[in-house]
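For reference, Swiss-Prot has these:
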| type | residues | note |
| --- | --- | --- |
| BINDING | 3-17 | FAD binding site |
Amino acid sequence: MKAVVLGSGVVGLMSAWYLQKAGYQVTVVDRQARSAEETSFANAGQISYGYSSPWAAPGIPQKALRWLMEEHAPLKIKPSLDPQLLKWATQMLANCQLSRYQVNKARMLAIANHSRECLSQLRQEHDIEYQGRQQGTLQVFRTQKQLIAIEKDIALLEQSGTRYQRMSVDECIKQEPGLAAVSHKLTGGLYLPDDETGDCYLFCQQMTELAQQQGVTFLFNTNVKKVNTQGNQVVSVSTDAGELQADVYVVAMGSYSTALLAKLGITIPVYPVKGYSLTVPITDESQAPVSTVMDETYKVALTRFDDRIRVAGTAELAGFDPAIPEKRKATISMVVNDLFPHSGDFAKAEFWTGFRPMTPDGTPLIGKTPLKNLYTNTGHGTLGWTMACGSGHLLSQIITGEQSENPAGLDLFRYAS
């Protein structure tokens, strides 16, 4: 049995990995020269199982209106009459109801927890080095209102069996000593001990080598020209490297999956939500984060690698615009300077932007399509690194028949109505 996977970001890569483990002869196609050269390249570095939450949440519509007027707001919207964006935004607003939020978060937590198990097993079986740490995530709050608002999430964490700890300011400092100088800015925190961190790009390079050793073929610098169909199935994929034929095909091209599937008459509600990051070399380890610190006010994550800090945040609805405006640089720079002002050499900060493939409900699209041998694994938003291993394993189970056809409503058919 043969499989073709389109896309070698972390999600496509793990789709290929688990398909080869299931016995498939796998070929991966990517337009870049290496795996993870696009959205997986410089993400936040969080593997945030407990923080797997949809952006569509109660109160977000009101917050979004306020954020439009703030200089360092976590959400920015570039005015547009793009019908895809308007439809996506309408669907997202519909998912801000509490009942929908609870369903969506429960789905996301289920995938994330499964992914934790898969990544743990992967580390046990293979010697992979990606500057990973298993030291949890600390979400810090700056207002009493934020402390109260987090209770609804804590209830869902309890339902899913996710471990957590409410923390006073003193406990936050004990967990992250680098915050001591700014303790007066904090009101408390929420600590999730089972969360992890790691450089997604390094992980992908390691996994590419492992996959190649297991017989997976990678066609880099190769563009997908056309997906060819006959009846209700795919018969081949036309690429720069020629025609590829397989028994099953997987679209894992992140935000670019939408346009490819549209050519086949398949509509998916995945929109590119632009995110930004900066990477700072550490100059004083005692002043740097130990693991990941989440700033609830600005929705920015600060993650420790070995000798670097990765700072990532901001959601911008601007289509596929690759520009990095100075205002976005200022926002993420402000947060790291505010919380860890003496941690790194900010003059050497490297900025990056990527397009997160976001669905309106936050839950990825994993599973079947109207074409019987075509599958999707996309739409993970900010959680591609968190969910990649679990999503890849789950997809392989769906394809091989080990798993139900539509576990927890994860495939695109939940949008059929």
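Backbone N, Cα and C atoms are what each Cβ position is placed from, and that goes for glycine too.
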| Residue with minimal Cβ packing [other Cβ atoms within 10 Å] among the binding-site residues Ala3, Val5, Val11, Leu13 | Ala3
| note | Within 10 A of the CB of Ser15 (FAD binding site), the number of other CB atoms across every chain shown is 34
| query | Is Ala3 (FAD binding site) helix, strand or coil when read with DSSP? | reply | strand
